[in-house]
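Participant: First the structure, which I've put down as structure tokens, then a few questions once you've had a look.
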Amino acid sequence: MPSLAVPHLTPISNEHLVSSKEVVFFWKNRIEMFEKKSDKVKQAEHKARDDGVELESQFIMRVPKELADTVHEAINAGTIKDRLTIQLDPDLRYGEVRIDDQILYTKLVDLPTVVESYKTIDNKSFYKSADICQILICKEEREDETEKESPNKNKKKDPNKVDKKYLFPHGITPPCKNVRKRRFRKTLKKKNVEAPEIEKEVKHLLRIDNEAVRVDYEIINEEDKPMDELEQSDIKPYNDADDDLQDESTMHASEKTIMEMSSQRHLQVESDDDEASNFPSHRAPNMGVAVHDIFGEEVSSTDDEDEPDRGNNTMQRRVMEESSRLSADDSRMSDFFGASGSNTGAGVVKMEQNVFSKSMFGHEASSPKLSAAGSSSNLAAPSGFYDSQMLAKREEFENMEFIDEPQPQYTQQQVQQKINQLTRQIRELKAQQVQKSTEIASIQNATLKQRMQETLDNLYTQVIERELELKDFENMLES
């Protein structure tokens, strides 16, 4: 085992040391050859470097606690050169350290942190000498030979990659414990990308662009694009059938809302009749049916003033959502609700008074639909809920026959222009179909092929729509 002598050791004051049990040595990275001379002349001759620059590497030597004081005393006394020797293996990872007569087995590992070291001559000016990124750990027990041998001995190693057993997990300060695991994430592995296939697809797309008759492109900045601008694909043509469907759905929504409200009243009245025996005895008998007779206890009290009326807000929100579904532009619905405005106004006044008459809760159902939509009990809807005028209006509305609005009248010249325009559009769409079909036949990528097929199906749909419109205008022209 070759011996590397330490010709000069410079002690560092305790304020620059991380721990009093660690000593920093300046180990010169130069090969020194010592030859035995005669007893009169014994001096070391070293081989000079070609560039004349002596570089040095620094590391921290960590020794056991009982020997740390001995090393500090030797450094302060200036006898460290005679009392301490360091011997390292050729791989510069394992070695031995002799302190007086005691031998320690060492291992040089890499720190996860970098510590800067400074030198001074006059204790006033400091200059940086090196970056300390290794630590020499000294132990009394020899390390197992199995740990020295790498398990992946036969594998090809990267010369720039350090073996994991030489990577120290901790720093030199307590906050840096397990810093390598906590601070540094694992290196992401590069995914294998099939470059030839991608290059082939790109060349194919470029070849299609070169063979195209015309290529149009437009640069659109999404930030500068106004919000009210709509794409042509999002604008649907006006159709009278859609309007009729909307009117029908609005009518069903209004009927459903009325039926749900009546069913809720049925449930409340039934529960109140079951709990009639629990009413307080001091209530006046001639007051009629009050709010608490139907809804039980009071809706709110002074104890709940701190909290908002969540139930009322929720109910109002539901009513607003249901009412928002109704179309305000529908003349038939406005006529229906306008005629019954007086009756509903009277109903609101009654609700505000919070007093109900017992005649409202009869046993005969005023409407078969409402009785069917109510609760499963024998209690029917109140007889005075709908008056005769309201029922007459409702029957008139249900029996009303909806007449389609008249289509706009076109002159013969306008019809001919529409026919020419639709014929030109159909011709252009069919030309695009032929071009897209040719492109799809030559595409091998499944995802791109599916996307192109969707575009082709859209073109087929547009052609069918234009042909139907063309047939309508041709019929108008013949008539």
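Each residue, glycine too, has its Cβ placed from N, Cα and C.
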Participant: From the list Ser38, Ser249, Ser271, Ser366, pick out the residue that Swiss-Prot labels phosphoserine.
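Facilitator: My reading of Swiss-Prot gives Ser271.
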Participant: With the ranges 228-247, 268-287 to choose from, which does Swiss-Prot describe as region 'Disordered'?
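Facilitator: It is 268-287 that Swiss-Prot annotates as region 'Disordered'.
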Participant: To which residue among Ser300, Ser327 does Swiss-Prot attach the annotation phosphoserine?
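Facilitator: So the answer, going by Swiss-Prot, is Ser300.
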Participant: Looking at Ser331, Ser371, Ser442, which is the one Swiss-Prot tags with phosphoserine?
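Facilitator: Record says Ser371.
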Participant: Can you check which of Thr302, Thr314 Swiss-Prot annotates as phosphothreonine?
Facilitator: Thr302
